[in-house]
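Annotated features, as they stand in TrEMBL:
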{"type": "BINDING", "residues": "Arg30, Gln31, Ala32, Gly33, Arg34, Phe49, Asp79, Tyr156, Ser211, His326", "note": "substrate binding site"}
{"type": "DOMAIN", "residues": "25-34", "note": "domain 'Uroporphyrinogen decarboxylase (URO-D)'"}
{"type": "DOMAIN", "residues": "144-160", "note": "domain 'Uroporphyrinogen decarboxylase (URO-D)'"}
{"type": "SITE", "residues": "Asp79", "note": "site 'Transition state stabilizer'"}
Amino acid sequence: MTDFPPLQNDLLLRAARREPVERTPVWIMRQAGRYLPEYRALRADEAFFDVVRTPELATEVTLQPLRRFPLDAAIIFSDILVVPQALGLRVEMIPGRGPYFPDPLRTVEDLRRLRRPDVREALRYMLEAITMTRKALAGRVPLIGFCGAPWTLMAYMVEGGGSKTFARAKGWLYRQPEASHRLLSLLTDVLVEFLIAQIDAGAQVVQVFDSWAGVLSPDLFRTFALPYLRRIGEEVGKARPEVPRIVFARGAHASLAELAEAGYDVVGLDWTIDPRQARELTGGRVALQGNLDPCALYAEPETIRRLTHRMLEAFGPRGHIANLGHGLHPDHNPDHVRAFVEAVHDYVPVASE
Ligand code: CP3
């Protein structure tokens, strides 16, 4: 393992452990991306997955938002779909349309097309990008590693791309529960290895994105998503207990109480749940992350400030990581992103005692 410079800003790590902090830490999902002119300029000459696969470029893009805003964490520039690629599926990123799998999993027989990769070999480019970024950060803020959750990855692998309903993938859960469990279990094995490898490469926090948890009924979530999320949280926690784990299961409100006991330090929230209600449901067992509506950033900076302060007040000062309830949009104005970040910085908590 490499030696890295000491960390100067550990607000995120302390908030994740629910320790007292002088100020709530803030980072933003998709903080590197198309809303930044410097990202668009770089992408004009490079295909999406070429950026992801070239550690120098991934490092550069990871650092772009940190040059502009006083963020309290970097998140490595990559994508959750590098794992289906490592298992042998082709994935393309079509500009303006999103991910596309030319040959998705159609039938159970297609599972035979998947191979269990040597993670440190097949995903070496991301591990190298993490080490390179960690060195470039020189201890300014912690670096977040990440992966997609088994269900969300299965959803793309079966559907072949984005979808409003993920009906085809859900069809598998209802029609072929056994084959679905086999696929989810294979993904889980790979993801546990992958997160541990990311930590060894230099990730100081890891986040699991279950972006499509919300299309599942509570029953399906408990059967096909939660057990695998739990296995990842617990196995990574056992292997590398010092590194905080965040789970973001978008739309999984019905299962928040269970998510708070699934082996994670932090539960990420989307904007459709009230922070106080989320605190009640999770009962102080975990820190919470989120959850301003990304569309609130279309408001004027003064309104953004007010809404952000209101959100901080609702979460309270302990065990909260400020973020949006989902990623930034390509048409967000960087000045409005700044207003959000600065509003977190200049918030003075109302005395509670
Ligand atoms: O700054 C960061 O957040 C780090 C980088 C990051 C990306 N994708 C870069 C990206 C992260 C953490 C992800 C995770 C990811 N990828 C998720 C989970 C988070 C979420 O948004 O729910 C999902 C579902 C994906 C799959 C994916 N990748 C989709 C659906 C798309 C299309 C998005 C769109 O709006 O068109 C991508 C592409 C992608 N991943 C972009 C970026 C910056 C935009 C593509 C481009 O530059 O052309």
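Backbone N, Cα and C define each Cβ position, glycine as well.
Distribution of TrEMBL features across the structure.
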residue : record                 : DSSP (3 states)
Arg30   : substrate binding site : coil
Asp79   : substrate binding site : coil
Ser211  : substrate binding site : coil
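Note: Arg34 (substrate binding site) has non-local neighbours Arg40, Arg43, Pro330, i.e. same-chain residues 6+ apart with C-beta under 8 A of its own C-beta. Between the two most distant C-alpha atoms of the annotated substrate binders (Arg30, Gln31, Ala32, Gly33, Arg34, Phe49, Asp79, Tyr156, Ser211, His326) there are 23 Å.
Within the chain carrying the domain 'Uroporphyrinogen decarboxylase (URO-D)' (25-34), a Cβ under 8 angstroms from the stretch's Cβ atoms is held by residues 11-12, 15, 40, 43, 61-62, 64-65, 69, 71-75, 77, 144, 248, 321-324, 326-328, 330, 337, 340-341, 344-345, all 6 or more beyond its ends. Sequence-distant neighbours of Arg30 (substrate binding site): residues of the same chain at least 6 apart with a C-beta under 8 Å from its C-beta are Gly327, Leu328. For the domain 'Uroporphyrinogen decarboxylase (URO-D)' (144-160), DSSP puts the residue distribution at 10 helix, 5 strand, 2 coil. There are 19 other Cβ atoms within 10 Å of the Cβ belonging to Asp79 (substrate binding site). Taking Cβ-Cβ distances under 8 Å and a sequence gap of 6 or more within the same chain, the neighbours of Ser211 (substrate binding site) are Ile80, Gly148, Ala149, Thr152, Phe248, Arg250. Here Ala32 (substrate binding site) comes close to Tyr39, Val61, Thr62, Gln64, Pro65, Ile75, Phe77: these same-chain residues lie at least six apart in sequence, with C-beta atoms under 8 angstroms from its C-beta.
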